[in-house]
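Going by Swiss-Prot, these are the annotated features:
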| type | residues | note |
| --- | --- | --- |
| ACT_SITE | Glu82 | active site, proton acceptor |
| ACT_SITE | Lys157 | active site, proton donor |
| ACT_SITE | Cys199 | active site, nucleophile |
| DOMAIN | 42-294 | domain 'CN hydrolase' |
| TRANSIT | 1-33 | transit peptide |
Amino acid sequence: MLGFITRPPHQLLCTGYRLLRTPVLCTQPRPRTMSSSTSWELPLVAVCQVTSTPNKQENFKTCAELVQEAARLGACLAFLPEAFDFIARNPAETLLLSEPLNGDLLGQYSQLARECGIWLSLGGFHERGQDWEQNQKIYNCHVLLNSKGSVVASYRKTHLCDVEIPGQGPMRESNYTKPGGTLEPPVKTPAGKVGLAICYDMRFPELSLKLAQAGAEILTYPSAFGSVTGPAHWEVLLRARAIESQCYVIAAAQCGRHHETRASYGHSMVVDPWGTVVARCSEGPGLCLARIDLHFLQQMRQHLPVFQHRRPDLYGSLGHPLS
């Protein structure tokens, strides 16, 4: 179903395809002074793109097929988008369909990780926390499972999307979601140290810099961007986060029409620390693959030592709102 082509050391494999479709293969040039390791020595990651609906079991079936395909192709880690579990028609349905982390649905994904022998980034689970009974609000929770199906990290989205975009309609995530209170330290995985974030978080460079400072080599932004902000901001933001943090950026995305009133932009992608898009999905559900070259990342940081040139003495009020 998917073919690979051996590339010169300064180029990366870029693949993207829809299920039952011919793959798209391309190469991306790198700065001549920076070399890569032999491609077959590098860990392979898979970025999954889906169209979630309110039907949780149908969504699981779709995600499971993509994860199984990723494992068959040799990926060590598969990334699923925000709201991989479901996208409801309204806030009331969202709350009704939500589950705790120890619920049945996450148990199915744990079993899937075990059976496939693959790590899973579950990019935005509608979590009923321990305070559910008190406030009837959920968390938007990014869960990381290892290949044994164990939860090794969970991050609750800290920046909630309360916006009004002309042509896209209002979004009030805080009406039914509580913000998380902390960042999760980067997690060591077979692909590198992964920093967890979710969708709207990508608009806050402070978060990406904080995760990079804490040791992240890969930043992941599972998302469900809309049809207006997607074309305007999606790729620009992801490339900016990669360049400023000198990390790989992996963004699994929702795509297509979820129900009568909701659609997502798609265009899942992987960006390297130079800011090059090294893999992207085609239109519709499917996955793309990329190899993570940490030697190239270290070279980037050596040749452009921006973290050594930072002036924190000048940035004291950076996290404050505009006056």
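The backbone N, Cα and C atoms fix where each Cβ goes, and this holds for glycine too.
Feature annotations (Swiss-Prot) mapped to structure.
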residue : record                       : CB count, 10 Å
Glu82   : active site, proton acceptor : 28
Lys157  : active site, proton donor    : 24
Cys199  : active site, nucleophile     : 26
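Between the CA atoms of the residue listed as 'active site, proton acceptor' and the residue listed as 'active site, proton donor' there is a gap of 10 Å, rounded to the nearest whole number. In this model, the domain 'CN hydrolase' (42-294) carries an average pLDDT of 96. Residue pair Cys199 (active site, nucleophile) / Lys157 (active site, proton donor) shows a Cα separation of 9 Å. In the three-state DSSP classification, Cys199 (active site, nucleophile) falls within a helix.
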